[in-house]
Amino acid sequence: MYAAQGVGLAANQVGEALRVFVYDCPDDEDVRHVGHVVNPRLVEADGIVLRGPEGCLSLPGLEAGTERYDHAVVEGYTATGDRVRVHGTGFFARCLQHECDHLDGMVYADRVEGWRKRRLTRQVARASWSR
Ligand SMILES: [Zn+2]
């Protein structure tokens, strides 16, 4: 995650069949949030829906305006088995929703629609072609 300058990473992105994600992510007030969640459940996702640029370490070099709630709460466990409840707002809420999606087999591109989806699809095709 750090090597690729990401702010979150889900275990299944690196080939681990575990429901775990890590994060080191600022919110919109520039407060840094660092941690991990084992068996996370997105228990709250509400507030206003904001469309903001979103990228993913699994789709390098790509980005698309993606709609996310600006408040999210994730519950789960720490690596030592303690219960944890993580609140996020702004960009950090986006991160929490993004990482939970990964563990449910989704990437942000699955949430992008319309011309943004078409543009992203063209970018993926171009990236695949140039490899
Ligand atoms: Zn991602």
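Please read every residue number as a count from 1 along the shown chain.
Cβ atoms are placed via backbone N, Cα and C, with glycine included.
Features of the protein shown, as given by TrEMBL:
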BINDING   CYS56, HIS98, HIS102  Fe cation binding site
ACT_SITE  GLU99  active site
Around the Cβ of HIS98 (Fe cation binding site), the count of other Cβ atoms that are within 10 Å: 25
Residues flanking the Fe cation site, with Cβ no more than 8 Å from the Cβ centroid of CYS56, HIS98, HIS102 and excluding those residues themselves: GLY8, ALA10, GLN13, GLU54, LEU57, SER58, GLU99, ASP101, MET106, VAL107, TYR108
Which same-chain residues, if any, lie at least 6 apart from the residue listed as 'active site' yet have Cβ under 8 Å of it: GLY8, LEU9, ALA10, PHE21, TYR23, PRO40
